[in-house]
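Student: Here it is, the structure in full.
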Amino acid sequence: MSTILIAIIALAALAAVFGAILGFASIRFKVEADPIVDQIDSILPQTQCGQCGYPGCRPYAEAIANGDQINKCPPGGQATIEKLADLMGVEAEESAHDLDSKVKTVAFIHEDMCIGCTKCIQACPVDAIVGGTKALHTVIKDECTGCDLCVAPCPTDCIEMIPVETTTESWKWKLNAIPVVNITDAANAANVTDSIK
């Protein structure tokens, strides 16, 4: 047998042994999670922005499962509150944040002031800032949630939160506001009024 063939067989055997050990360990030491926390976490927007007062969406989901309010997530908006209310079987509350008057903002980096320290990149929970050490940084506008966690760590104050320009794509279209009348209900109402006459 050649040396290469022996090395391949030995590596394959080691891989099989370590794979079996990892497989056994994943079954033996499996952590059982609360299924309601997983369901709540799947409803939350996963921006990890911290605007709810928790360090991310998973800790907030755990807090909701333990009885905290369901209306603390600004990126999720009223739609998320309603989904959480349906899941938890509680009344849908108004958002704890003023969502209507708050204009959506995104971070903007003044590149002439940026020193490339990467502190904003480290603070961004959604990786919306790109750049490198001692290089210019920029914000990916479509990824930015407007949480403004990147503003405070900047030593040169080169980050500004600017309002997002309203376009046809970002306009709050009320597409579900079209009233739909159930024909059978209308017909029954007409029969009732006819029988009263």
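Numbering starts at 1 and runs along the chain as it is shown here.
Just so it is clear, glycine is given a Cβ too, placed from its N, Cα and C backbone atoms.
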Student: Have a look through Cys57, Cys73, Cys154 and flag the one Swiss-Prot assigns to the [4Fe-4S] cluster 2 site that Cys114, Cys117, Cys120 belong to.
Tutor: Cys154
Student: For the [4Fe-4S] cluster 3 site that Swiss-Prot assigns to Cys144, Cys147, Cys150, which of the candidates Cys124, Cys158 is also assigned?
Tutor: Cys124
Student: Given the binding-site residues Cys49, Cys52, Cys73, Cys114, Cys120, which one's Cα is the least distant from that of Cys150 ([4Fe-4S] cluster 3 binding site)?
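Tutor: Nearest listed residue in space: Cys120.
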Student: Compute the C-alpha separation of Cys114 ([4Fe-4S] cluster 2 binding site) from Cys57 ([4Fe-4S] cluster 1 binding site), stating it in Å without decimals.
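Tutor: A Cα-Cα distance of 30 Å.
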Student: Go through the binding-site residues Cys49, Cys57, Cys73, Cys117, Cys120 and tell me which ones have a CA within 10 A of the CA of Cys147 ([4Fe-4S] cluster 3 binding site).
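Tutor: Cα within 10 Å of Cys147 ([4Fe-4S] cluster 3 binding site): Cys49.
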